[in-house]
Amino acid sequence: ILNATLSFLEKCILYIQPILKRGLLSSLTTLPCCVFFCINVIMLFTLRSKSVFRETCRYILLYNLILADTLQMAVSQILYMMSICRITLPYPVCGILVMFANLTNEISPLTLVLMSLERYVAVCYPLRHATIITIRNTEVAIFMIWIFCSLNILIRVLLLLEFPFEELQSLQMKRYVCNTFLMFLTPVSHEYDKAYSCFLFVSAFVGVTCSYIGVMLAARLASTDKASALKARNTLLLHLVQLGFSLSSTVNNALLLVISKTVSNRVSVLIQNVLYVLLFILPRCLSALIYGLRDQTIRPILVYNLCFDQSAFQ
């Protein structure tokens with residue numbers, strides 16, 4: 001009886017151990033994600049709580065940026081939890097989730113370009129800023145960004161149609177991981193993704209960098225408000241950092257491929273979770289933290305909403 005009991009306990013431990021391991025790993029990523037997600041949601045609520053935010057172009061752009069980051073964070077965490085829980089999806093469901101994640105991921109760098117151009121106009125053409133950067137023009141620019149990125153997703157879907165799906169025995173995925181690479185069913189899809197990603201981030205980098213150079217040159221002119229130019233320069237530097245983080249998330253899979261060939265599986269899994277938090281989750285909260293702490297108009301209202309304390313305004 002004792003041997004049978006020990007054998008039963010050993011089997012239970014062997015069964016429970018991987019479950020506890022997955023639970024520990026998921027908690028290490030889920031807790032930061034929940035914290036960052038709540039911060040972003042509160043920031044979105046803050047940006048819609050006052051008319052000054054709803055009627056100021058740069059706050060409208062900031063709202064669009066944080067909205068895209070929040071949606072990207074939510075979809076990424078859903079896909080991550082499904083892989084941890086070993087849930088297999090049908091290919092169409094995985095494709096919809098991945099395409100939506102790609103859509104929101106592409107919105108961020110383009111919105112950063114718009115925000116950089118808005119600061120450039122504010123510093124270099126202050127007298128024309130109110131006529132160029134209007135609420136209507138801002139809303140049209142945001143709409144065009146979503147349309148442009150949606151067209152890219154549509155092209156990806158059309159490229160997928162070239163794959164002979166009728167030859168598949170089942171549309172159910174055999175792997176637990178659902179990511180962008182599973183959507184590269186044809187060589188054309190893979191080449192198009194590389195070309196589009198390169199075009200997107202090079203264009204965004206050039207746009208933000210040119211805005212930064214323009215502000216720097218304007219700051220040397222005697223007629224320019226030095227304090228405003230310096231603040232705009234710092235903001236554009238932050239945009240470059242944010243763009244760098246957005247770019248870093250695209251090389252995550254390449255890093256994992258190199259790491260998996262050089263370290264053990266246990267270390268590889270741990271590094272994978274660390275990179276997921278650093279490259280996917282943390283950058284999606286940077287916009288809310290940066291602007292929430294730097295902007296004198298947002299800060300007191302954001303602190304109030306975070307602390308739920310009336311004394312934050314006193």
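Each residue's number is its place along the chain shown, starting with 1.
Glycine residues also receive a Cβ, built from the backbone N, Cα and C atoms like all the rest.
Among the features that TrEMBL reports, domain 'G-protein coupled receptors family 1 profile' is placed at 39-291.
Within its own chain, the transmembrane segment (24-47) has Cβ neighbours under 8 Å at 53-54, 59, 62-63, 66-67, 69-70, 73-74, 77, 80-81, 84, 269-270, 273, 276-277, 281-282, 284-285, 288-289, 291-292, 298, 301-302, 305-306, counting only residues six or more beyond its boundaries. As annotated by TrEMBL, transmembrane segment applies to 24-47 (among others).
TrEMBL lists 59-82 (among others) with the feature transmembrane segment.
Annotated transmembrane segment per TrEMBL: 107-128 (among others), in sequence order.
The transmembrane segment annotation in TrEMBL covers 140-161 (among others).
Per TrEMBL, the feature transmembrane segment maps to 194-215 (among others).
Per TrEMBL, transmembrane segment is recorded for 236-259 (among others).
If you look at the transmembrane segment (274-293), the same-chain residues 6 or more away from its ends with a CB under 8 A from one of its CBs are 28-29, 32-33, 36, 39-40, 42-43, 46, 62, 65-66, 69-70, 72-73, 76-77, 80, 238, 241-242, 245-246, 248-249, 252, 255-256, 299, 302. Residues or ranges marked as transmembrane segment in TrEMBL: 274-293 (among others).
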Overall pLDDT for the domain 'G-protein coupled receptors family 1 profile' (39-291), taken as the rounded mean: 81
